[in-house]
């Protein structure tokens, strides 16, 4: 399971790497809980690596046990249908 999570976050990081950031700025990593520095070319540089980021919990009403999207994050509804656990990806929307 840990290997699958690491692979997932690595793929997210690669996809996120193409987004521009402000050189010299500290930026939230794609997983939503680690931090990265922005290089002079606008790409992400070194990041902290807290391997397991806790999922965010949201209060809402949803269909028990069903997965759904919340912006760019993947969520799963709790068994009671009152909360959901979601990934913590940083969602960046491209300008039209």
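Each residue's number is its place along the chain shown, starting with 1.
Here the Cβ of each residue, glycine as well, is placed from N, Cα and C on the backbone.
From a predicted model like this one, the values you see are computed outputs, not experimental measurements.
Pulled from Swiss-Prot, these are the features on record:
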DISULFID  21-38  disulfide bond
DISULFID  33-53  disulfide bond
DISULFID  36-47  disulfide bond
DISULFID  62-77  disulfide bond
DISULFID  72-91  disulfide bond
DISULFID  75-86  disulfide bond
DOMAIN    21-55  domain 'Pacifastin 1'
DOMAIN    59-94  domain 'Pacifastin 2'
SIGNAL    1-20  signal peptide
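All features noted in Swiss-Prot, drawn onto the structure.
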residue	record	Cβ contacts under 8 Å, 6 or more apart
21	disulfide bond	27, 36, 38, 42, 43, 44
62	disulfide bond	68, 75, 77, 78, 81, 84
72	disulfide bond	89, 91
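For the domain 'Pacifastin 1' (21-55), the model's average pLDDT works out to 81. Using DSSP to sort the residues of the domain 'Pacifastin 2' (59-94) gives these counts of helix, strand and coil: 0 helix, 14 strand, 22 coil. For the pair residue 86 (disulfide bond) and residue 47 (disulfide bond), the Cα-Cα distance reads 22 Å. Of all Cβ atoms in the shown protein chains, 20 besides its own fall within 10 Å of the Cβ of residue 77 (disulfide bond). Note on residue 33 (disulfide bond): other Cβ atoms within 10 Å of its Cβ, all shown chains, come to 16.
In terms of local Cβ density within 10 Å, 36 ranks first among the disulfide-bonded residues 36, 86. Residue 33 (disulfide bond) sits 10 Å from residue 47 (disulfide bond), taking the CA atoms of both as reference points. Fewest other C-beta atoms within 10 Å: among the disulfide-bonded residues 38, 91, that description fits 91.
Secondary structure at residue 47 (disulfide bond), as computed by DSSP, is strand. The candidate set comprises the disulfide-bonded residues 47, 75. Of these, 75 has the most other Cβ atoms within 10 Å.
Residues in the domain 'Pacifastin 1' (21-55) partition by DSSP class (helix H, G, I; strand E, B; coil) as 0 helix, 11 strand, 24 coil.
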